[in-house]
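**Q** I'd like to ask you about the structure that follows.
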Amino acid sequence: MNEAVKTLDGWFCLHDFRSIDWAAWRELNPGNQELMLNELSHFLSDMEITKNIGEGEHTIYSILGQKADLVFFTLRDSLEALNEVENRFNKLAIADYLLPTYSYISVVELSNYLASHMAGGEDPYQNKGVRARLYPALPPKKHICFYPMSKKRDGADNWYMLPMEERQKLIRDHGLIGRSYAGKVQQIIGGSIGFDDYEWGVTLFSDDALEFKRIVTEMRFDEASARYAEFGSFFIGNLLPSENLSKLFTI
């Protein structure tokens with residue numbers, strides 16, 4: 001049997017995409033709308049406390065197009081904690097007007113294609129660089145891009161039949177492209193084999209949305225992607241600070 005990749009795993013991730021039911025929201029009187037927005041604000045304040053004590057992260061982006069209106073991206077140290085956030089959110093009154101359109105579950109990961117190199121032989125979980133990747137601080141960048149992807153298992157283009165050494169080389173070459181965008185694009189890779197319909201969820205952050213187009217285009221021509229990658233839907237959005245939520249919902 002081919003050697004399986006080993007991973008270092010960090011925070012669990014939920015990308016929760018919602019569409020606003022504007023027709024139903026318009027039927028509410030302003031007083032009820034205000035009560036719901038205040039309840040949402042208290043919920044987000046509690047999320048901020050969790051973030052400040054280093055036990056998780058979260059952010060909200062406004063999504064363009066008809067796939068969704070919002071994405072709530074939450075990271076926690078266990079599936080139980082992530083599920084608790086999800087359930088509490090769904091119990092908010094405003095959740096009745098935020099219709100689920102898509103979700104993705106993953107765990108931030110580093111594979112042994114890269115992790116041993118980064119750790120330099122020490123316990124990787126004690127390495128500051130590795131920990132920063134596994135338990136990332138989400139940057140307040142203007143734009144987000146999320147997409148799921150998998151590796152092919154088609155005939156000669158079967159990623160899982162390649163020897164470990166060849167996979168390592170392809171991933172390192174692929175990673176060189178990503179590193180060339182340092183300072184322009186921040187990337188979080190969530191492993192989702194056994195968790196969701198694809199094998200990874202990729203989240204990109206940037207202050208220039210065109211950098212998403214540039215990095216994805218360049219990577220498409222790299223062999224690891226050109227021969228072996230399959231992609232799901234792409235979601236693009238703009239940062240939505242919590243203090244701007246009331247403005248969004250004002251009609």
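The backbone N, Cα and C atoms fix where each Cβ goes, and this holds for glycine too.
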**Q** Out of ARG131, ARG133, which does Swiss-Prot tie to the same Fe-coproporphyrin III site as TYR147, PRO148, MET149, SER150, LYS151, HIS174, GLN187, SER225?
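**A** Swiss-Prot lists TYR147, PRO148, MET149, SER150, LYS151, HIS174, GLN187, SER225 binding Fe-coproporphyrin III, and from ARG131, ARG133 it also lists ARG133.
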**Q** Taking 10 A as the limit, how many CB atoms besides its own sit near the CB of PRO148 (Fe-coproporphyrin III binding site)?
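**A** 23, counting other Cβ atoms within 10 Å of PRO148 (Fe-coproporphyrin III binding site).
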**Q** Show which residues of the chain containing SER225 (Fe-coproporphyrin III binding site), separated from it by at least 6 in sequence, have their CB under 8 Å from its CB.
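**A** Counting only residues 6 or more apart in sequence, the Cβ neighbours of SER225 (Fe-coproporphyrin III binding site) under 8 Å are HIS174, MET219.
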**Q** Any idea which of the binding-site residues ARG133, HIS174 has the thinnest Cβ neighbourhood at 10 Å?
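**A** Selected from the binding-site residues ARG133, HIS174 on minimum Cβ neighbours within 10 Å: HIS174.
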